[in-house]
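Chemist: There's a structure below that I have some questions on.
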């Protein structure tokens, strides 16, 4: 992994400059609440991620949604587009993540991934986006799909994990500006990376090889592999830890969502042993757990690829290529999620967030740090922001953010930790910064 050369500058994080073309209109006057229909350009399907299978609106044999639609009313949040950039590789940007491990007063830093490039930026208060560092993989055919932030538990340095089409996880230290570790094990592309909410060393990866893997990046051990007998039957596209880090929900191309508990005695022991493992004191390799059976599984929520899943308390938010994010829970409404049995066949759909023109796959939504806002972009550059604080979920309010020049598929969004900035990345290599007005 080499760096793009250039001028070093720096706060805490050294800066490396590369050529970036900036959008000529970097301070547009358009507020996100206006001109709902100003975007009308269709974007072509990106060749790097294949087409979604035909999604019939009324597939036979499927029941109608359990509850009514979550109607969108005027949202209390308002955003303004203040800046945009275009990365010079002109390839789709698949991932963006703000570093939420920074302290109050620290620079607001986010990372983007696309092509064989990983780029770090800093958001300045006046709307500027400053390029900090850029890393280029030695293999021109690498295509990074996902990134995730953590920190070194010994030095407190920020660390960034990235992965993509080659199935190699790379850990970058932006302070020393080096790729300090890499992990090989998945048999195919990696679609998402997630760090444990309470343990900065536990990294979850999900792959095209139908499996999930849990790594300990402090001791460089593979703790567990989730998949096999009752695992996913096709690419795993997304996964998320719950807030306490006791459960994982995964989803994929097999239309299924699967729950994996990592607070079982078996998994707690495996994690503990991964910390105690020292290769210099033993000739034996670390024995990874093979978890073949999920603790719950369903195919009753979606009828197409499930490409994004997130926990919201004990509820699940998931989406397919069906123009809706569905809110649901395993079992019946009154059931305790921690007592759900693997044989449970019931699911309770609580409602859905509807939007339009988003029927290609690998389009991921995000929430802010406090889980008060939900954001998703569609394939023609529109952004939808929902207010999750509404007491009645059926009254979740939505703001639609549009800007005429943003007309390409929005692959992912990310909020700054204080929720003041929303960044979106697109298939045409553009980055869009929206600042919150209220």
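Cβ coordinates are placed from backbone N, Cα and C, and glycine is handled just like the others.
Not my notes, these are from Swiss-Prot:
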- 1-67: region 'Disordered' (REGION)
- 40-57: compositional bias 'Polar residues' (COMPBIAS)
- 88-131: repeat 'WD 1' (REPEAT)
- 139-182: repeat 'WD 2' (REPEAT)
- 185-225: repeat 'WD 3' (REPEAT)
- 231-270: repeat 'WD 4' (REPEAT)
- 301-338: repeat 'WD 5' (REPEAT)
- 356-396: repeat 'WD 6' (REPEAT)
- 405-438: repeat 'WD 7' (REPEAT)
Chemist: Per DSSP, what is the residue tally for the repeat 'WD 4' (231-270) in helix, strand and coil?
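Modeler: When I sort the residues of the repeat 'WD 4' (231-270) into the three classes, I find 6 helix, 17 strand, 17 coil.
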Chemist: Are the repeat 'WD 7' (405-438) and the repeat 'WD 4' (231-270) close, by which I mean at least 3 Cβ pairs under 8 Å that are 6+ residues apart in sequence?
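Modeler: Answer no, regions not in contact.
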Chemist: Checking distant contacts: for the repeat 'WD 4' (231-270), what same-chain residues at least six beyond its ends satisfy Cβ-Cβ under 8 A?
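Modeler: Non-local partners: 188, 191-192, 194, 196-199, 202, 204, 206-208, 210-212, 214, 223-224, 288-289, 291-292, 294-299, 301-311, 313-314, 316, 318, 320, 330, 337, 340, 361-362, 364.
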Chemist: Looking only at the repeat 'WD 1' (88-131), what are its DSSP counts of helix, strand and coil residues?
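Modeler: Each residue of the repeat 'WD 1' (88-131) counted once, the result is 0 helix, 23 strand, 21 coil.
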Chemist: Mean pLDDT, the repeat 'WD 1' (88-131)?
Modeler: 96
